[in-house]
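Heads up, the thing below is written out as structure tokens.
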Amino acid sequence: MSIKYIASSKLPTPWGVFEMHGFEDSETGKEHVALTFGTLSPDAPILGRIHSECLTGDALFSLRCDCGFQLQTAMQNVAEEGQGFILYLRQEGRGIGLLNKIRAYELQDQGANTVEANERLGFEADMRKYDMIIPMMEKIGVAKVRLMTNNPRKVKAMQSFGLEVVERVPLQVGKNRYNEGYLKTKSTELGHMMSEHHFTDADTEAKKD
């Protein structure tokens, strides 16, 4: 395995102080991060999330996806739980990279959906891999997970690596007029387990504020 642990530090956030653990993939040069909160036990089911990098959603507040909403909600949920983890994986654009993601967005602006755009660029709908989580989970000492995700591929990935997914916790947030089609495509073509009636509508929440 090419993933190497590098260092840890405190990370103060609006939801509390997390511990940030840095990892480096010597084969790809990519740097991944595990955030932990509270005391984690290998014997207890721990609330957590596998989150793939989304610069546009996580840092630039894009409404084209639900990624930023999911990350913030997951961190808040972990803090409220008193313990948990977030694995932040550098797999921008479902694995195609930032510039190709912008190219895909350009095609989406012309009418393609998120899957069609990737395929027109010569990529699979989802290029992500999850084998890097094995040493990351070993480092933070978690073996049983209550996984916050709508994506069955993440559940299967954890199970295939010998981790026990005790519960799948839906994370359905961030629906708005800009990403309705994107969310529908994730459900119908990528198999994400989502029910429209259980979404928090970001537009509605903004109006409440």
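Going from the start of the chain as shown, residues are counted 1 onward.
Glycine residues also receive a Cβ, built from the backbone N, Cα and C atoms like all the rest.
Remember, it's a predicted structure, so these values are computed and weren't measured experimentally.
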Practice task
Return the residue out of Thr28, Thr36, Thr114 that Swiss-Prot annotates for the same GTP site as Arg49, Ile50, His51, Ser52, Glu53, Gln70, Glu92, Gly93, Arg94, Thr149, Lys154.
Solution key: Thr114
Problem - Top Cα neighbour of His51 (GTP binding site) in the set of recorded positions Cys65, Cys67, Asp126, Arg128 - result: Cys67
Fill in the blank from the handout: One should report the C-alpha separation between Cys67 (Zn(2+) binding site) and Glu53 (GTP binding site), rounded to whole angstrom, as 8
Exercise for the section: Enumerate the residues of the same chain, Cys54, Cys65, Cys67 excluded, that satisfy the criterion Cβ within 8 A of the mean position of the Cβ atoms of the recorded Zn(2+) site; list them in sequence order. Expected result: Thr56, Gly57, Asp58, Ser62, Arg64, Asp66, Gly68, Gln70
